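Notes to accompany the following structure.
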Amino acid sequence: CLTFLYIYTLHITETYNSHKNTMRSHTFLRITSLLVFIGWLTVWILLPTKVYKNTWTPKLKTKLNSTYFREQGTNLLLFTFPVMLIGALSCIYLHLHEKGTEKLPSKSGGVVNRWLCFLRRPFLVMSPIGIVTSMEIIFALMFVALLIWSLSNYLHTSFGHLHMHKEGEKVWQAKFRSVSLRLGYIGNICWAFLFFPVTRGSSILPLVGLTSESSIKYHIWLGHLSNVLFAAHTVGFFIYWGITHQMKETLEWSKTYVSNVAGVIAILIALVMWVTSFPGFRRKMYEVFFYTHHLYTLYILFYAMHVGVEWMCMISPGIFLFLIDRHLRFLQSRQCAPLLSARLLPCGALELNFSKNPSLYYNPTSMVFINVPKISKLQWHPFTVISSCNMETDILSVAVKTGGSWSNKLYQELSSSALDHLNVSVEGPYGPTTTSQFLRYKQLVLVSGGSGITPFISIIRDLIFQNRQEQESHVPKVLLVCAFKNSADLTMLDLLLPLFVSTTQFSNLHQLQIEAYITREKEEAPRDSQKQIQTKWFKPILSDSPISLVLGPNNWLWLGAIISSSFLMFLLLLGIITRYYIYPIENNSDEVYHWTFKVLWFMFLLCAVICICSSAVFLWWKRQNSLESKQIMNVEFPTPTRSPGSWIYGSERELESLPHQSLVQATNVHFGARPDLKKILFECKDKDIGVLVSGPRSMRHEVGKICASGLADNLHFESFSFTW
């Protein structure tokens, strides 16, 4: 921790010296958040030790376990409050960052930046886990060290004071029970981090340069690890109860302690979610995975009833922030977005163009979730945004490649000639908070396979816009290497040309080079067999609402207000319920308030304050934006007389007859060949080259191994998680 704090401080110092007047507040907020996080992590490190148990715990309980919070007071302060504080501070930081530093130049030099580039290089490329960077390996080892440290200290402490739970119980049986119990404790540590990666509108992830899409693999790792630990915890107790003849304990629902029945129900739900989440099952039966994963609400509830309020306070920050994000996404998804047009490509792909609020800002490689009630009222599918909000201020476009039952039904639905309107709900966009990772290189090499090209379309469109701005001092050269199965897939390149932007904006593309490879055809298909691109136009209705700012990524201050107000309201209501309802029952009689009822109060208040605060702010925001949305819907969008496409496929290639001849000149098509990625990458001689890859796993792994080989120091692999 101290080493990374030192490197981080150097990085802050370099940036501060370059932009002294704009970085002062940002530096303070980031260092404060980092120190709070280190303090929070230190508590986790000390938690299993004798010092914490014998010295800290008695003193903390004396001072913090008041009549308002009882036994949960200590954990609320040490585990819940720090993360909620970081969540609120990071919202302020991101707001100031967008206002003050989004246009600052990105420095490619510096000792720290070179170290960071080295740590981002692929270190391990394996099929089960994918591409893992050196930095991810370091933090993974640190996390594993925390788990081993915690387990060893828990066992050392418990073995010194073994409790015999049954008369005649042997020492080894008591130790076996202790090991099984402590495995559950270690699984609880995984749960403390489990929900951060899946919080799409998180304010904490951007603070460390992550997005929910790029960190979803951490959720997968933590999910697998926690399920292994909880399964071992469960099996261990079943074995213990069996050898000590206490199988009836399985059905015990204690009033004063752990509910075993709730734990059994929780692990059964977890096993169903776990089995259906394995890659092979998920790819073949995605809908089963999708629906079973929504059992997480029951999983959390029964898990909470099993561990109790004290342990829930340890893991509640991640759940708290996740539920805020989830409720805001639910509120946004209740309204339909106006679908203006769709381009249907012969290769089975399509482009959907929606009306959006001009104030909505997003960065390249962002993604949205789409729901079409006519196909399925419950299913939401993620797709890459291919438009540039700088170039297309009123339009948001996404690309969809058919491949499953849902996407095939959508393509067929849009192909219907009688269709003039389609209800579509859109959630998002979500993505990186800055584009500096693309602008800091001298050259970008974009490697794609099949529909993996879609994330790069938004990058190219945005760089084209940046190239036309006189104030921009540097825009990297772009080499797009794309591989397709057949010549019909070449129409994916047609999406580089937006429907709603004049093609004259693409007249100067000397910094763009496209190398397209057709792997399964040795020559171009006959023109008679080529299908044409179809463009369909739709009529928005008054009930549709343009895609607008989402509370979170585009309104960080409002998200910070929701986080802080909901947490304060939660503490207030929890204190009132505990002091004036639970405490009198336990203090004025010999009764003990039911263990499960305390948990239910905790979970009910947590969900209630999130719904109240989020809904109140969202409704106020919606009313403020309703007038602007009506004005946008009244704007007449220009209707192109023809699709700008088919500039490579299905049209004549005489350059003098095309208004976008520079784009055609930038493209070379190779039939019957696969790209020699090693040769292509090693022939790039610029000093700093950013390498991005999107496509099949084999292609991603091949590029990762080339960049990790160390044979070319100028290649900097950028690890992104793209969706198409």
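Note: Cβ is positioned from N, Cα and C throughout, glycine not excepted.
According to TrEMBL, the protein carries these features:
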DOMAIN    332-436  domain 'FAD-binding FR-type'
TRANSMEM  28-47  transmembrane segment
TRANSMEM  76-96  transmembrane segment
TRANSMEM  123-149  transmembrane segment
TRANSMEM  179-198  transmembrane segment
TRANSMEM  218-244  transmembrane segment
TRANSMEM  256-276  transmembrane segment
TRANSMEM  296-324  transmembrane segment
TRANSMEM  556-581  transmembrane segment
TRANSMEM  601-621  transmembrane segment
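Long-range contacts of the transmembrane segment (296-324) within the same chain: residues 71-72, 75-76, 79-80, 82-84, 87, 188, 191-196, 198-199, 202, 204, 258-260, 262-263, 265-266, 269-270, 273, 559, 562-563, 566-567, 570, 595-596, 598-600, 602-603, 606-607, 610, 614, each at least 6 residues beyond the stretch ends and with a Cβ under 8 Å from a Cβ of the stretch. Take the transmembrane segment (76-96) and the stretches 123-149, 256-276, 556-581: counting Cβ pairs under 8 Å, 556-581 has the most. When DSSP labels each residue, the domain 'FAD-binding FR-type' (332-436) comes out as 13 helix, 40 strand, 52 coil, counted as helix, strand and coil in that order.
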